[in-house]
């Protein structure tokens, strides 16, 4: 895709299929631009000369040259200023035959429309002030959402919850910069425009707001992309059986032979509206001599590094021995859960004290930030034969990471937003230091202007080709 900022090309009338490609009951072809009605009325002659906005018209779509009927369609008209793009738009609902869709597109192009680029409809909505850049990105997030919570988060951002929060911060930033610039202008006259303590109060307010948003990125990303959970441990401890239990599907082969799992096995599921990707890996053992198994073990370590959560699984009958402790000590405690499996073989007992006592002298225990909380929240006694395990473990996992409710919370889930807001936070903190050291309004304005630029780039009030390409290249054609 070429640069999104194209001058005269943005005045073209564009067209594309907005529904997924392939055979279906219906397809929707979207047309947007100054010549929309003029072009579409030549193949949809049933449209009146002055159609009503948001009204649906029914009729036969015909070849503009021969008059042959192509399809029976519905044409929905949107007046300029009242459409998604802000331009005059007509959406043609036709039967979902790829042949019919392509025939209609060919007719539109022959009459002067241009095939739309990726994300060009949303780009035009942004350029015409119908959406800011955060909202434009949320359109893509909503389209790609794979769980209820991800869809809720994207919809809230589309409605402007994050944008409104950023605009509040922007207002405070603008106030500080305006007073800093005024202080520079009046400095020669010895007039103090605003006291330093007032500036510091505003800066602290901005810092608090930015910190709050930046801190939500981990939860926001988990809501958007889901949890990636890796099952790890020695061979033949029941990892594959647990994978099948969590996925509610016989995805992995289960045998009593150690080393059955040679490759990384993935599977997705949802629980309480949150997406989970489970990854089963080869059992970890030093004495593996088979080349394929050794490669599988290497992939196991790679999967652990890329995960959000690691479920360390061990056989409760055998207990936590030297090999188990060696694996545990290689894991990051911040994302590790212990699953003591095969409790059905010991009568369903849950010897938490034994686990705690065994781990107390380990390097893993020494790395725990809060040992008491870890043993209370992150040690599960499970059996792959018990279907209740799935809900018990996942419910606690969701509860610990966050009360993942997005209705009343402003979250960020986009890496670009996180980068920009982190930059704005750092500039704000440096600005506080400038004021504290009494370096003057010139240095404050110079430093703090960068913080405001970061907010403007997030909202799309300041942009260039590189930013636009980064945002809109992910869109499909037709959106």
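We count from 1, first residue shown onward.
Heads up, the Cβ atoms here are built off N, Cα and C, so glycines get one too.
According to Swiss-Prot, the feature (6S)-5-formyl-5,6,7,8-tetrahydrofolate binding site maps to 30, 91, 130, 479, an assignment based on sequence analysis. Taken from Swiss-Prot, the feature K(+) binding site covers 236, 255, 257, 260. Summarising the annotation, Swiss-Prot assigns GTP binding site to 236-241, 255-261, 280-283 and lists sequence analysis as the type of evidence. Taken from Swiss-Prot, the feature Mg(2+) binding site applies to 240, 261, supported by sequence analysis. Here Swiss-Prot flags 226-402 as domain 'TrmE-type G'.
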Residues near residue 91 ((6S)-5-formyl-5,6,7,8-tetrahydrofolate binding site) in space but at least six apart in sequence (CB under 8 A): 18, 28, 29, 30, 31, 75, 76, 78
Residue, out of the binding-site residues 236, 240, whose Cβ gathers the largest set of other Cβ atoms within 10 Å: 240
Pairwise Cα distance for residue 240 (Mg(2+) binding site)/residue 130 ((6S)-5-formyl-5,6,7,8-tetrahydrofolate binding site) [Å, integer]: 49
Position of peak Cβ density within 10 Å, selected from the binding-site residues 30, 130, 239: 239
Between residue 239 (GTP binding site) and residue 130 ((6S)-5-formyl-5,6,7,8-tetrahydrofolate binding site), the C-alpha gap once rounded to whole angstrom: 50
Alpha-carbon spacing, residue 236 (K(+) binding site) to residue 130 ((6S)-5-formyl-5,6,7,8-tetrahydrofolate binding site), which is rounded to whole Å: 57
Structural state of residue 30 ((6S)-5-formyl-5,6,7,8-tetrahydrofolate binding site), classified by DSSP into three states: strand
